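Worksheet: one structure, shown below.
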Amino acid sequence: MDKSIPILEATPVASFRPDKRGSSDDTNDESHKTSTASPPIMVSPLRTISPLDDFENDWYDDWYDEDAGLNTGSIKGEPSDDVNGETDDSSAVPPLMVTPLQTIRPSDDSNNNSYDAGAGPSTVPVKRGRGRPKGSKKPKKPKTDDPNSRMVESCSNFDSRITEVERETGNQEVVGSVLKRFDAVRRRLCQLNHPKHLLTTASTNCTKLGVQTNRRRRIGAVPGVQVGDIFYYWGEMCLVGLHKPTVAGIDYLTAAESAVNGQAATSVVTAGKYDDETEELDTLIYSGHGRKVKHGPPCDQVLQRGNLALEASERRGNDVRVVRREVHNNEKVYIYDGLYMVSRSWIVTGKSGSQEFRFKLVRKPDQPPGYAIWKLVEKLRNHESIDPREGFILQDLSFGEELLPVHLVNEVDEDDKTIPEDFDYIRSQCYSGMKHDLHVEGQSLGCHNCQGESCNHQNCTCMGKNGGQLPYHKNILVCRKPLIYECGESCTCPIDCPNRLVQTGLKLHLEVFKTTNCGWGLRSWDPIRAGTFICEFAGVSKTKEEVEEDDDYLFDTSRIYHSFIWNYEPQLLREDASAQVSEVINLPTQVLISAKEKGNVGRFMNHSCSPNVFWQPIEYENNGYTYVRIGLFAMKHIPPMTELTYDYGVSSVEKTGEDEVIYRGKKICLCGSVQCRGSFG
């Protein structure tokens with residue numbers, strides 16, 4: 001695709017004849033008649049002008065949102081992945097996209113004064129498909145959201161819960177809050193079928209209402225951002241201060257900003273489209289910023305701005321943050337790989353024949369692995385290093401029950417090949433013979449009006465139960481709810497209906513591994529995006545009387561859980577605060593599931609007081625009865641090989657002061673987090 005900026009690409013323009021009275025140019029005036037059909041005036045398309053070098057070759061990538069299509073708004077968009085550019089915080093103005101005009105033949109008596117509005121410039125009659133017959137029961141598709149209705153300028157009653165000090169310098173809690181709130185807004189826009197500049201709307205609204213942190217440019221580590229953290233959108237890095245420019249791969253301090261130190265680079269992002277050499281784990285050959293145009297003679301790169309800053313960092317020896325871009329399942333993922341130093345620079349003759357800068361960056365020692373883990377799991381997913389891997393025990397703990405194998409490893413004690421205690425692996429919930437209180441006998445169930453189509457229209461019964469909208473967008477949960485309704489056995493929609501998610505099994509490469517002090521744990525080879533369905537907590541449904549006292553694999557909805565906010569805030573999308581979706585779980589009956597004797601990978605997910613996973617009750621129908629399943633979803637973006645944990649809750653709470661409580665569980669907690677409550681269960 002030619003990604004140069006189209007400036008007024010026009011197709012032939014309609015011809016028209018003025019009204020005989022000389023007072024109207026309206027070609028749609030049915031009363032206007034002419035005896036002679038004039039030929040249309042053909043206007044040649046204007047030429048396409050190549051973009052300026054500031055936007056680099058693939059400037060269109062800045063404005064393409066994979067969730068919503070091409071952005072055509074006038075607001076600063078997501079930056080290009082062709083990003084080896086200079087720091088520029090100015091708004092990137094999109095090209096003017098001109099909709100092709102129709103060629104309309106002048107009306108005459110021969111065609112009864114009408115034309116086919118969908119025929120385009122052709123003068124040959126076009127055979128159109130049959131439309132919806134009058135009175136048809138065919139479901140209506142949801143309307144597209146108004147692209148301008150969600151942008152905010154200000155909101156006086158909105159509380160960002162971030163102080164001015166925290167906006168300048170954040171911490172891990174604030175960074176996590178900013179990322180969570182941005183993604184919640186993005187998910188909501190996707191659910192609303194928001195058509196244009198979706199990511200720009202989300203990031204701009206967050207910025208305007210103060211949902212951001214680490215605004216001050218700095219050299220070295222960014223408070224609250226950890227090595228190995230992943231980002232799915234460039235704007236996320238901007239909001240938390242990891243990389244500030246919106247359309248450039250090199251960020252730097254100017255002489256004025258650094259005062260004493262002078263100009264210096266602060267961070268770089270690899271693009272994947274330049275001549276960067278990125279395969280080495282601890283070194284990076286980074287291509288300089290240049291004057292590249294798609295059409296026209298090549299230009300030599302100049303030692304200025306970003307290039308000058310990297311050259312200055314070589315002399316000064318300051319730390320430079322490195323973010324590496326990778327692609328996973330057709331999605332861009334940005335991995336923060338820690339601090340590097342510029343060891344040398346030189347000039348080469350590029351493929352275009354122009355002179356280009358090269359910078360060698362070397363990773364500083366004694367940092368947690370970031371990119372190295374990504375390359376490891378890439379090999380594991382490609383079956384390049386499974387059997388010879390240290391601590392490898394079993395190829396598939398599910399013994400073929402899951403679509404993807406569940407590997408078992410023990411890297412703590414490589415000589416110990418013991419597998420987990422005996423249990424039967426099951427894919428989904430197993431119910432005992434008794435009737436659960438949640439079963440509703442004789443109830444009219446299922447979305448019969450879907451007529452074999454997926455549930456994405458307003459007439460769907462299941463969508464009505466979910467508030468008139470699908471709870472998922474591209475297999476991502478949009479909002480937590482007291483209860484989500486999935487399609488069941490009585491529904492006429494297909495098995496791949498977007499409202500069937502939890503029941504479809506594993507979609508991630510999961511691995512059961514031995515932890516240092518918490519027994520077996522669960523982690524993923526894949527990066528996990530916030531809202532992703534990880535697995536069901538599968539086991540045997542129990543009554544309170546059937547539960548064994550020593551059951552360490554019991555899920556209990558009646559426990560007391562630490563509250564948290566995960567859903568989007570309506571004010572960030574110009575919605576009334578009353579539109580806030582409730583996140584309070586309020587099941588009519590206690591749900592008890594034991595995975596002691598029968599279970600799936602969910603039984604290996606450990607407790608944490610600062611979890612990265614949360615549970616969501618899902619109701620579905622089977623054989624005329626409704627049941628509740630427990631789905632486990634990602635609370636935030638989770639890097640590969642990170643242990644997956646959720647809050648087990650506690651049995652009771654004791655109030656010790658006006659605002660102080662003690663959580664009392666049956667087991668001692670070893671999660672080690674700052675928010676550790678000391679016990680669980």
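Glycine residues also receive a Cβ, built from the backbone N, Cα and C atoms like all the rest.
Per TrEMBL, the feature compositional bias 'Basic and acidic residues' maps to 17-33.
Per TrEMBL, the feature compositional bias 'Acidic residues' maps to 53-68 (among others).
Feature annotation from TrEMBL assigns compositional bias 'Acidic residues' to 80-89 (among others).
Among the features that TrEMBL reports, compositional bias 'Polar residues' is placed at 100-115.
Look at TrEMBL and you will find 127-141 tagged as compositional bias 'Basic residues'.
Annotation source TrEMBL lists domain 'YDG' at 220-363. Residue counts for the domain 'YDG' (220-363) by DSSP state, with H, G and I taken as helix and E and B as strand, are 22 helix, 55 strand, 67 coil.
Per TrEMBL, the feature domain 'Pre-SET' maps to 451-505. On the 0 to 100 pLDDT scale, the domain 'Pre-SET' (451-505) averages 91 in the predicted structure.
Within its own chain, the domain 'Post-SET' (665-681) is flanked in space by residues 517-518, 559, 562, 606-610, 645, 647-651, which lie at least six positions past its ends and keep a Cβ under 8 Å from the stretch. TrEMBL lists 665-681 with the feature domain 'Post-SET'.
Per TrEMBL, the feature region 'Disordered' maps to 1-157.
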Taking helix as H, G and I and strand as E and B in DSSP, count the residues of the domain 'Post-SET' (665-681) in helix, strand and coil.
0 helix, 4 strand, 13 coil
